[in-house]
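Q: Pasting a structure below so you can have a look.
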């Protein structure tokens, strides 16, 4: 079996699942990282099946971890090329699980952290069928060459003290999304660096619960 299709997952409390939540980790981590969020949110999202895929490549700046794309060359043009090259592999992972659960994009929620937010936002904007909603923690938006989806609601959450991905990236993303009239909200969290805390989790859960497809 393709290793990309082996990852941590947690079934919905209510069966059958009505929603699929895809958790996308940051660079140098793996799917075991964000699956750790599930115990804090599953009671509020009882009809959601959670998957946390591993990045599709080995992390190329350490002997362990995974990545969605290389960050050795961080120029926007290079990252865009790598996203175009790699995005279909993530799409395939999601489509396989959707088929297994008899769900579609309109039932799918994307939650990303850091590099996971970057690829999650990119994936959201290129979909022909909109996702239910997308949450991005501590990330940045890399614009695709063409936007196919302008209707998926997006929630951006970022620590004001982030010294890995500046909180300015949240404002840049918000400016871009506003330009294309894409529904979104942005939340700057005081006294928070490059991480997810209880405030961010609460914001994300409230956003998901109040999103109307």
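Here the Cβ of each residue, glycine as well, is placed from N, Cα and C on the backbone.
Relevant sequence annotations retrieved from Swiss-Prot are reproduced here:
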{"type": "ACT_SITE", "residues": "114", "note": "active site, charge relay system"}
{"type": "ACT_SITE", "residues": "162", "note": "active site, charge relay system"}
{"type": "ACT_SITE", "residues": "194", "note": "active site, charge relay system"}
Q: Provide the number of Cβ atoms within 10 Å of the Cβ of residue 194 (active site, charge relay system), excluding the reference atom itself.
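A: Summing over all protein chains shown, residue 194 (active site, charge relay system) has 17 other Cβ atoms within 10 Å.
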Q: For a quick check of packing: other C-beta atoms within 10 Å of the C-beta of residue 162 (active site, charge relay system), how many?
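A: Cβ-Cβ neighbours of residue 162 (active site, charge relay system) within 10 Å number 22.
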Q: How big is the gap, in Å, between the Cα of residue 194 (active site, charge relay system) and that of residue 162 (active site, charge relay system), rounded to a whole number?
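A: With distance taken Cα to Cα, residue 162 (active site, charge relay system) is 5 Å from residue 194 (active site, charge relay system).
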Q: Where residue 162 (active site, charge relay system) and residue 114 (active site, charge relay system) are concerned, what is their Cα separation in Å, rounded?
A: 11
